[in-house]
Amino acid sequence: MTAMMKAAVFVEPGRIELADKPIPDIGPNDALVRITTTTICGTDVHILKGEYPVAKGLTVGHEPVGIIEKLGSAVTGYREGQRVIAGAICPNFNSYAAQDGVASQDGSYLMASGQCGCHGYKATAGWRFGNMIDGTQAEYVLVPDAQANLTPIPDGLTDEQVLMCPDIMSTGFKGAENANIRIGHTVAVFAQGPIGLCATAGARLCGATTIIAIDGNDHRLEIARKMGADVVLNFRNCDVVDEVMKLTGGRGVDASIEALGTQATFEQSLRVLKPGGTLSSLGVYSSDLTIPLSAFAAGLGDHKINTALCPGGKERMRRLINVIESGRVDLGALVTHQYRLDDIVAAYDLFANQRDGVLKIAIKPH
């Protein structure tokens, strides 16, 4: 008789439901992880709304914290019963894309089925959980290429302390890294949701000495100060572009990080940049963008626009855990609510509608 588990699955736009699914069978390079904590991401809400397409019946979620239940025969250096995380991005690090430095765009595992070209590049395909394969909002998840993608959790850290590592922390910090921040730089971070807050923390670690955090929620701006923001601006109370230009003496910021994914925030991120500055884009956009010529100096302003998909792999996760363990960053304040997996539909309703001051929800299957 097939062993079954509970899982949150995409049914159709507007509907994610709890369903019974078979516990995954693993291959020699895989691991089966029993989920102890996972969470809901803004990207999951895009999936819920039908703004990002996935297959019907797919288990959603991409942020796993759990315990190794079973290891494939080729996976070494780990043990059953060990607490681990895996990145939201689980590439095959032998692929062209990974060796080219863009492991998040690795679609090499799709080549045999004809879904990817001969060199294995496919946009966003390195993001497998809840996108290309069944995800983490379930009692169990299959981790592919486990040797390269599992990272042990130190005994002294709780699930909640490392819950941001697989995606939100990795993405936010990548936004700061992509902003080309140098010691003494001034940085504006647009939107202080979970990713923006992590980008604010990452900008501080990268050496920025003046960080301007922008949002329309005063509570989130208070948290931004704890994450390292020196100045907070509520866009409901001021003209953000004017204020940033005043704060910089008309020079503009060295870098801006866009962490929402709207035309308005993208455009503002450009307008506050100094000539030669960098816009680091983290938002997931749902419609075409327009670049205003005046903000972009008609393409002649030496501006740089960098985009990124959350980096993954066990070494990335290890370094993020090191940051948490060092005490330099505490992301515990981002976990504002806890739900059982059985109540996942209610958790989505809360998160998608941004009620009750929600930032991140810890989902507990057991």
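Cβ from N, Cα, C; glycine included.
According to Swiss-Prot:
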BINDING   Cys41, His62, Glu63, Asp167  Zn(2+) binding site
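Other residues of the chain with a Cβ within 8 Å of the Cβ centroid of Cys41, His62, Glu63, Asp167, the Zn(2+) site, are Thr38, Thr39, Thr43, Asp44, Gly61, Ala88, Phe129, Gly130, Thr136, Pro166, Ile168, Cys310. Each of the binding-site residues Glu63, Asp167 was scored by the other Cβ atoms within 10 Å of its Cβ; the lowest score goes to Asp167.
Around His62 (Zn(2+) binding site), a 10 Å sphere centred on its CB holds 28 further CB atoms from the protein chains shown.
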